[in-house]
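Features of the protein shown, as given by Swiss-Prot:
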DOMAIN    11-89  domain 'RRM 1'
DOMAIN    99-175  domain 'RRM 2'
DOMAIN    191-268  domain 'RRM 3'
DOMAIN    294-370  domain 'RRM 4'
DOMAIN    540-617  domain 'PABC'
Amino acid sequence: MNPSAPSYPMASLYVGDLHQDVTEAMLYEKFSPAGPILSIRVCRDMITRRSLGYAYVNFQQPADAERALDTMNFDVIKGRPVRIMWSQRDPSLRKSGVGNIFIKNLDKSIDNKALYDTFSAFGNILSCKVVCDENGSKGYGFVHFETQEAAERAIDKMNGMLLNDRKVFVGRFKSRKEREAELGARAKEFTNVYIKNFGDDMNDERLKEMFGKYGPALSVKVMTDDNGKSKGFGFVSFERHEDAQKAVDEMNGKDMNGKSMFVGRAQKKVERQTELKRKFEQMKQDRITRYQGVNLYVKNLDDGIDDERLRKEFLPFGTITSAKVMMEGGRSKGFGFVCFSSPEEATKAVTEMNGRIVATKPLYVALAQRKEERQAHLTNQYMQRMASVRVPNPVINPYQPPPSSYFMAAIPPAQNRAAYYPPGQIAQLRPSPRWTAQGARPHPFQNMPGAIRPTAPRPPTFSTMRPASNQVPRVMSAQRVANTSTQTMGPRPTTAAAAAASAVRAVPQYKYAAGVRNQQHLNTQPQVAMQQPAVHVQGQEPLTASMLAAAPPQEQKQMLGERLFPLIQAMHPTLAGKITGMLLEIDNSELLHMLESPESLRSKVDEAVAVLQAHQAKEAAQKVVNATGVPTA
């Protein structure tokens, strides 16, 4: 985006209810007829990179954004009607409740569009949504008007009206805090009493006789099954709250035919669920507090270690309350947990046992973390990595993640809009992969679009250039390119291939920090270098952490790759090169663990194969789309 261009705060649209597979390119095709677009961003999960189901489309002109809102709202993209509204960055407007109404008892057939069409007669609508789950509409929704007056008109006219033969309730939106406060106030003045655990021989008359002494009752009912047999619970509704409270105080816990009877305030289902959830969360928090700092996570366990052996190894450090090796199908999963009675004992065990060799493997010992803590830690690590990302040297690090937004250069309204070219149509020269498939002929600058990241598939990345004439966006493929070093792990390469590989390896491997002046340019002339011998994994000394740490950083991944490639080649001969390149992105400590643990390696390889297959399927689908023709402005 051109930083000098004027900003239009109301030229940004929120696009919701998106299908998981909708990309920036699809949204550009959809919205570009409305006017010049500055940027498009599909919001994604920070870790998995999966779509969160909504996006932002930033137009150059507010009039174009308004045109898109008026003409494209609820249009179908990949089988789902999308919901469009103005992007409101200030949350205070959304949370204030001004102009927001609540509608319930809706017919299942009423969707977002039908609700919008019904209420748009009362004023300008900012957002409109029917709440749905996997089974469809949940029977209620919300409409947010631009003004409070429009909301009040809608409440006056529509409350109690029939929509699709159902009488709907329309009222002012109330926050959860307001609803809970009202619920608490009503609970203090209850008149309906719930009774259970009184046996099978109870009927309405006996229950009325039992509770009638506390005051006049409006209704008494024992719940029965289809055969008329008591279900063991019932309800008594009193006229006054004082009578109901007295019945609860005196009858709760009273012995009835050898059973302790329960008498309490009758609750709605949502109240019971809320209370049970609160109790569960409290129990969970108590358990977390009790085990905070005393529960240890132990991984890289030898297959022969069981619960008793694990307890025996950690027993010298204190009192163990539990020791468990996680199993699957009768076999160890390679990790377990040890819980001590005090944090001091656990800390001592971590200090002494982390890195110690037990049986045949060095243990990894650390304080156990909850899933939420691990996710927060991973998110923090990811953000730190992203913050340190600079313009990459393609020879050194070809796996940099792409930007998650789709930016268009600012285009003057008088000019025609540039044509859109789908990903893959314009060839991009990229270095060849470091780990090529067996027998492939390497070339230092061949077009290699096959290697991708081992995470979820990334969206295509768009960048633009600004020539003097008509501006045409240049599309860069989201496929990742692999490393340029082309050493193969199979048979000895041909002379030409070996020469090409040697020439690329001879290029100095430098990384530059951002802002460094007079950066040295890479010498593109092939330099004379001695041909490296073929790597033979069999008979090599096992790679250890100390050996890896002693090696220069640029050689560490090569040492790991030399040992990973033959193992992966035995599983997937045709994909070994790509999979090796994908796995080399993982931390070195994890790669060492995979070399020692065949199960862990196979699990990661299976994940990589799944990613490759998903990527190939998406590529094939894209080719089919491209074959139908390229849309132009």
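Glycine residues also receive a Cβ, built from the backbone N, Cα and C atoms like all the rest.
Bear in mind that the values here come from a model prediction, so they are computed numbers and not experimental data.
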Across the domain 'RRM 2' (99-175), average pLDDT on the 0 to 100 scale: 91
Secondary structure content of the domain 'RRM 3' (191-268), with strand meaning DSSP E or B: 22 helix, 30 strand, 26 coil
Helix, strand and coil counts within the domain 'RRM 2' (99-175) (DSSP): 22 helix, 32 strand, 23 coil
